[in-house]
Structure formats: C-alpha cells, structure tokens
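Here the structure comes first, spelled out in structure tokens, and everything after it is commentary.
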Amino acid sequence: MSITKNTILSMHNMLFKYAGDSWGGHFKDINNKIIAKYADGHEEVRFNPPDAFLVPELIDGLCKQYNEAFERGEISPLVLSAAFVFDFVSLHPFRDGNGRMSRLLMLLTMYRSGLEVGKYISLEKIIEDSKESYYDVLAASSVGWNENQNDYAPFVNYYLGVVVKAYRDLIERIDLVHNHKELKADKLILKTLQ
C-alpha cells in the first residue's frame, strides 16, 4: 500500500470523525508551531514548521519520496520509516492531531515493511513514557531542517530504540505465556535492518 496525501487526509478524517471538529481530514489553514508540553505544565516552542499554504505540496512530495525510496529498497525500511515520520512531524500539517497521526504513520510504515510488533505492543505508550527524550531528539534533529541541513540521526536512533523496546516487551510477554527459551530482540531488529 502506497502512502499518499489522500491516505493521510483520510486517516486524519477518521481520527476526528466523532470529535465534532470541522478540520478533520483537512490540512491546516493557519500557521502553527510545534510546542512541547511537559508534565509540570509548562510549554516550550520547539520548531516553526512551514507555512500552511505550502503544506499540501510538501506532503505530496514527502509521500512520493518515501514511496520511491521504499520501492528502490536501498535504505532500511525502519530508517526510512523514521525519516518519513520525522519529516511529517516537522511539516506539522494539521491544526490538531499531528502527534497522533505521526504514530499512526509509524505503524503504517512499519506494517508495510512487515514489522507488526505494533499490533501487540503499544508504541504510543513507549513514546509517552519517554516524552522528554522524544522532545529532545525532535529538537536536535530539527536544527537546520527548514534549510534541508538537519541531522536525522538523533531521531532515527530514538525511533529504533522504541522499536527495540517494543520487541523486547513482546518477547518478554511471549516468554511469560509460553515459557520458551529467551530470544534476543536485538538480533531480530538487526535482521530486519539487513
């Protein structure tokens, strides 16, 4: 399944279908900022995404680049997924629901690659439990993004860490249920990166 601008809009529409908000399934029509919200209640502007009028074309381009790179198979599907999700978050294309959409797109891109751990372990919970680290790597990888000179490595490393933790949690659950010999999550992940 290719990921397209229409796929993203449809998912966002479904996400907001019963919320009573009229912007579900529509890109933002006002400029917005990426704001970190901390447990103690304070907020911090982390990033200024592109202007609203640029979003449809930028999302279309992002999807095309992702699909072409996926088909070429020259980049690990997990690394490609991480870069796609990071760019999506940086575009911040909606008024609301950008974080939820990014986690749905994380699952979608992983499923497309045959990585289905998200069906059994909540990746969203892992991210929520490491929210401060998440914001730190977003900030680190965002430096120079608007000029196409950013470093994806901090976000990619974080993303891969989330996936490794999910596989470890899954193996732990399987072990508890079936009492089988311990498997190594790291080996499973490395195998998928090859």
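Cβ coordinates come from backbone N, Cα and C, glycine included.
According to TrEMBL, the feature domain 'Fido' maps to 3-161. Taken from TrEMBL, the feature active site covers His92. What TrEMBL records for Asp96, Gly97, Asn98, Gly99, Arg100, Met101, Ser102, Arg103, Tyr134, Tyr135, Asn148 is ATP binding site.
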Which ones are near His92 (active site): of the binding-site residues Asn98, Arg100, Tyr134, Asn148, which have a Cα within 10 Å? Asn98
Least Cβ-packed of the recorded positions His92, Arg100 (other Cβ atoms within 10 Å) is Arg100
